[in-house]
Each structure stands twice: as C-alpha cells, then as structure tokens.
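Trainee: Dropping a structure here in structure tokens format, bear with me for questions.
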Amino acid sequence: MRHLLTTTFHRHNHRLPTILHHLVTRHYRPPKPPTPPAPPKHPKPPQKPQSFTFHDATWEDPYSWMSHLNDKVAMRHMDIYMEQEEKYTEAVMSDTEKLQSKLQSEMASRLHFDLSTSPIRWGPWLYYKRVEAGKQYHVLCRRLASLNEQFISNKDPSGGFDFVSGRKIEQKLVDYNLEAERFGGYAYEELSEVSPDHKFLAYTMYDKDNDSFRLSVRNLNSGALCSKPQADRVSNLAWAKNGQALLYVVTDQHKRPCRIYCSMIGSTEEDVLLLDEPAENVYVNIRHTKDFRFVTVNTFSTTFSKVFLINAADPLSGITLVWECEAQAHCIVEHHQGYLYLFTDAARGGQLVDHHYLLRCPVNASSGPRIWERVFDDDRDMVIEDVDFCNTHLTLIIRENCSFRLCSVPLPMPARKDAVRLKELNPTFLPLPNHVSQIWPGPNYDYYSSTMRFTISSPVMPDAVVDYELSSGNWNIVQQQNLLYERTRILYGTTSSGGIANGSSNNLNSDFLNEIKSEDDNLWNCLSEFYACEQYDVSSYDGVMVPLTILYSRKNKNKNQNPGLLHGHGAYGELLDKRWRNDLKSLLDRGWVIAYADVRGGGGHGKAWHHNGRQQKKLNSIKDFVSCAKFLVENEFVQENKLAGWGYSAGGLLVAAAINSCPDLFRAAILKVYMNIHVSLIAKPCIACARRFSAILFGGRDTVPFLDATTTLLNPILPLTAADYEEFGCPGDIDDFHAIMKYCPYANIQKDVLYPAVLITSSFNTRFGVWEAAKWAARVREHAIYDPKRPILLNLTTDIVEENRYLQCKESALETAFLIKMMES
C-alpha cells in the first residue's frame, strides 16, 4: 500500500511542472517594449508677415524681421530662436556622439602636426610660422639663413628643433596668442607684409567689436608696436621707400576700399592722403611690384578699369596712369628691367576675350599714348592661367584642356615686335604629378632668387609645396603630408626622408616630362593606388558638356551600393576647390563616392564659361549641378536615394536651388559658411594673389550660404560690391529681377514635398549674415512635408573656425556624422 501511494505521488509529482508551466504561460503577458522617445520638435520662430512689391511682383516674407539688426525686440526674439536651434541640433545629433568622437579622433590623427610651415627665404632671412605646445595660435618667427645648420638638430631630426641653439638664433616676430588677447579672444589676420629692409612688419587683425580690420606696424628689432600708423578698416597695404613709408587703403562705412594714405615710419606727422575716390561704385586696390620699384594702384568698377603707378622711392610725387580699359577686368602690372608687364583679361580691339593674356611696354614711354605689345600669340592648346616673375625667369601656369602644367621662360625675352607662340621660346616644363587640379604660386618674395615655390593640389594627393630651381631645373618637395607612412615632419628647413622627393627636370622637353610625372606617383605621396580619380564629361540639359571629377576607394567600390557627396560652387569665375581633404578620407574609407561638378559660373574654362552661369544665365549652373547628380545615380556610381550635396557660400545657393528643382534627387545636403582668404606673409604676394585679392574686393561675398538672393540684392544688410550684382543680377533691371526670382532658394521652396535633410553652418557674428540660414530653415520646415528622419539643422558657431584646426576637426566630424546618420536612417 505504501509502495502504491508512493508510486502514485511520484507519478502526479512528475506531471506538476508541466501543469504549472501551462498555467503560467496561459496567463503570461510579455512586458511591452519601451516606447521610443519622440523625435525632438524643431523650433518655430514667430511669423511677422511683411509684404514687398517690386516691378510687377508682390510677395510676402514672414521672417524678414530676422534681419532687422537695429530692432531690439526682433534681436531678442532672434537670440531666443538661435538658442532653440542650437538645442534642436544637439538633440537630433545626440545619438551620434560616439560616432562624432570616433570621427574626430580619425581626423585629428591626420592633422598636420608640423612644427612649422616650410621656411620662406627672403634675402638673408628665413621666415616661418610655428605652433608652440599647448597654444591655440601660431607664432611668426625668423632666423638668419646663414645659421640654419646650427639651428636644426642633428642628433634627433624627429624632434625637429634644437631648443638650446634655437633660443639664440630664432627671433619671434608676432605671437598671435598675444594678439588674440588684444582682439576679443581670437586672432584672425587678413594681411601681413614685411618691409623690404626687414625692419618692420605691417599687419591687419580682425577687430570683432568694430567689425573691421585694424592696421598695426611692429618694429622687428625691438618687438614693440609703432605709435603710427594705426588705422581701422584697412583693406590693403604696400611698402615704399625701402621700408621707410607704408601705403594703405581704408574702406568707407560700406566697406568699399576708397582712400589711399601714406605714412612715414617714425614720423610724428599726419599720414598723407594720396587718393580719395568719391564714386560709390569705384573700388581701389594697391600692391607693390616684386622688385619694390613701384606701387600699382588699381581703380575699377563695372564700367572701367585703370592702373596707376607710384614711384616707390618717392611716394608723394604723384600717380601716373599707365593703363585703362572699358568694363570690369583683371589688370595686374609687374615691372622687370625697364619694362612693365600687364596680365589682363580686358577686351581687345572691342572684342571680349575668353582668357588672360600678357602685354608689355617700356616704363619710360614717350609723351604720347602708351603702346602695349602682346608678348604671346593666342594658342587654344596652351591657355595661360597665371604668371609669376623673378629677376631671371617668367613662370607660367598653363591649362591644356582640363590639365594644368607649369613652365618657365628665361628673362629678358628676345626683343621682338611681334607676339610669339610660347612653344617657340622652348619653355622648360617642370615636373608635376597626375590629376593636378590647381597650381598656386607660392610666397616668392625674393625677387632676386631663381628658386620659385608653388603649391600643387590634386584630389588624390595632399598639397605639395615644391621649390623649383629655374636655372638648373632641380626641384624639391619642401612640405607635404605623407598619409602612406606617417605624419609629415617639417623640421624648420629639413624634411624626413619618408616620401619627400627631389629631382631634376634638366630642361627636358614636354613629351619626356609627361613620362616622368607619371612614372612614379609615390615621389609625390600620391594616393591613387588606394583612391581612384576619374574624369567625365556630363551632358547638361542643353547639351553643354560639364566636367565631373569622381573619387572613390578602390577597396570599397561597389556598383550601385555606395552613398555619394557632390560638391559645387559655380560663381565669380572661381575654380572649384578639388584639393585632397583629410576629413573626406573618413567618408571614402566608409565606401562613399566623392564628386566635384565644375558647373558654369565657375572658373578654369574661360570667361565665357563664367558668364554663361551668372546673372540671367544662373539657372545654367543649377541645371548643370542637377545633371551631374543624375549622372552619378543613373550610371550607378551612387545608390539611388543616397546622394548628398555640398556647397559653401555661393555654392550654398547652387545646392539649395538644385534641391528646390529636384528634392527627391538628394537625401541630404550641407551648406557651409566660408571665410575670405587672407593674404599674409606665408600666403602669395604675387600676381595670382593680386588677382584673387582684387576679386575679393570687387566681389567675394564669401559669407553664409547665399539663400535669400532676392532680399539680399534688393536690400543688402551687409555691404555688397558691384561684382555681386554682376554675378547674381541687378534687381533694378526687370529681366535680371525675374531671373533672380526664378533661382532664389528662399523664394522657390516647394510646398507639400519631402525635402532632404540639410545641415547649415553659420555664425552668431552678424558679419556672416546668420539670418539667411535661419529664414531658409524656418521656411523649408513650414512648407515641406515634415519627416523627423530628414531634419533641417543649423550648426551655429561663435568662433572663426578657419583659424582653429581643432574647431575645424570638430565641425567636420559633426558634418560627417550627419551625412552618415542621414544615409543610414
């Protein structure tokens, strides 16, 4: 019986877990997954509709109050709105913090940790800038070239600097960390010029309190600032009288360069006014010739261009007109052994020309009109893009189709009455790598040296700073980052052996040099083994062929599976910047395709190419960009719905207008602020620099993305120049006005359409017109279909990012994380 009971109990006990399991599972309800947090809501600024009527058009702008800088109530609302935008961007990007940190580490590891810039030889001195440990800004220094070997450490070249001997030899000229204390916490230098006797340095620093550049002169022997000249709103300067006099240009309240002053260094007398240009549409620019014999004065508007000479030995003796032409033109005058050389794109014989050309005439011309003779015959196969002079040679940057070349011709040139073809002079072609996208003449201050420096740029090669010895044909890469092996070491005048190359052109002919330049790209630290660079001609809507450059990682290229980023600018006749960028390596290595569209309106293809993408033809630029975007998708370089656009300043207008045209073509876009190029001792005091600086004065609206062209051109808050109207159209002309209304990004936002995600970078500083970005963002959110996966974000900065490489790195990491997030969402 006991056995039976025990057996029965065990039999039922064995079934108990199964019964309990069924009972439990019958009533079990799995816990609900946590509700995902609601996506952050975008800010909604107040709307204050205001109507505008011009010509035959009437429109309403609910956000025009954002640009009312003198309205205290509006500015309080703007402050609140900007704070909301900042928090919204942080909230949207909060899930990418780890990715941003990783990207920032990647990019920081590729930063140029050079101890200094490559030294510039000028007379007995070597000038350079270097960064001290723990300091934000660089220091401008110099040392005697004769003591160079004592200065450089021989024991440990990786250290690069012998501090024991260096303290005795090196002379600090300007510590920009101290300048930052003088100018509101950061140091942004626009211009700097050492006097020809090497005793003084004249430079301008941005004063954010007054929104202008302030001139200072420093005694390089004592290190002290001179009591005069000290002037505000200085846009340009030039030394005269072998460093005893400084000429400088001052702008009016609308930032128009209009007055030239002469200051005698060490004198207590008032600075002398040499020229006062009263006309509101005329601009003034000065520069010294490379031999310091003359100071050239350019006055220009949309209707004329003139060049005057001032005798640098006696700057108060008056100015002499040497050249004038109708309409706007680049006119740069140089002097060489009794001849004036003029590099210009002015109309010739009443006919517009498509490219620059070179003229010359004797300095001491007869009392009659100056007769300028052409130096070179026109050659469609070899277009001269730029020139530079030294005492013994003329160097020319030449474009053959879409390829750049660099050559030199001995001076003086044979005396001939007729122009000659460049080929007849048997120019020496200098070695270059493959895929050159731009050549920049360097800081060739030493007019009497036959060594000239150039910066060579390529989409698949870090910028190479190259010294060419024109007499012997020897060449040497003096600075270049080596991403193949390790960080570049620039050792105050020497380089590590890892990939820094030198060679000789030996006056070889051009055909043989073509073999040299492609023989071994490793001499140039070229990355083409890892990243492909391909060129295509894309047919635009009207059959015009638009150059398109495409980069991708050979390792990560998958047909029709890659996201892509398309760059564009297309304004002011400027070349699209296609230089290798270390921050883009993070995208390339993640399988992205990087592309550059050389749309009409930009440079590198002649004046007609520029003119066919401006004013009433601005839509050509936009349609060219759209055609290139479609080419990338249709030819399976980029996966459909994974293409992003990228544009800075006027390029922001291009990309934003393209989005209005085809919003479904793009998944994301970045519209960036862009600072003016500053011209300093370490920059380019040559004809190329003068051309670029003239363009800035005459038309470089290099500020925020240009998103509300209609309002800005009608009622400019920030000063515009004549060339801004030449570029985008004059609203006073009814045809121009209608063209502006057609392409203006702010005026053509589509309603009830899904727009791509957009990140706009701007600055709190009113110098950069933050309201254009804010207005555009608010209106897109108002009109377009709302999708939290496609946010419109503002990235607002308080600093001038261009002067801080760590802020650059942080901003690039945010932009890259934004693109990755948008493609993966």
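Each residue's number is its place along the chain shown, starting with 1.
Every residue gets a Cβ built from N, Cα and C, even glycine.
Whatever TrEMBL says is automated annotation, not expert-curated.
The feature compositional bias 'Pro residues' is assigned by TrEMBL to 31-40. According to TrEMBL, the domain 'Peptidase S9A N-terminal' annotation covers 45-480. Feature annotation from TrEMBL assigns domain 'Peptidase S9 prolyl oligopeptidase catalytic' to 584-672. According to TrEMBL, the region 'Disordered' annotation covers 26-53.
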Trainee: Restricting attention to the domain 'Peptidase S9 prolyl oligopeptidase catalytic' (584-672), give the mean pLDDT.
Mentor: 94
Trainee: So what's near the compositional bias 'Pro residues' (31-40) in sequence-distant terms, Cβ-Cβ under 8 Å and 6+ beyond its ends?
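Mentor: Distant contacts of the compositional bias 'Pro residues' (31-40): 88, 91-92, 788.
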Trainee: When secondary structure is assigned with DSSP, how many helix, strand and coil residues does the compositional bias 'Pro residues' (31-40) contain?
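Mentor: Tallying H, G and I as helix, E and B as strand, the rest coil: 0 helix, 0 strand, 10 coil.
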Trainee: For the domain 'Peptidase S9 prolyl oligopeptidase catalytic' (584-672), what does DSSP give as the number of helix, strand and coil residues?
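Mentor: Counting residues per DSSP class in the domain 'Peptidase S9 prolyl oligopeptidase catalytic' (584-672), I get 45 helix, 16 strand, 28 coil.
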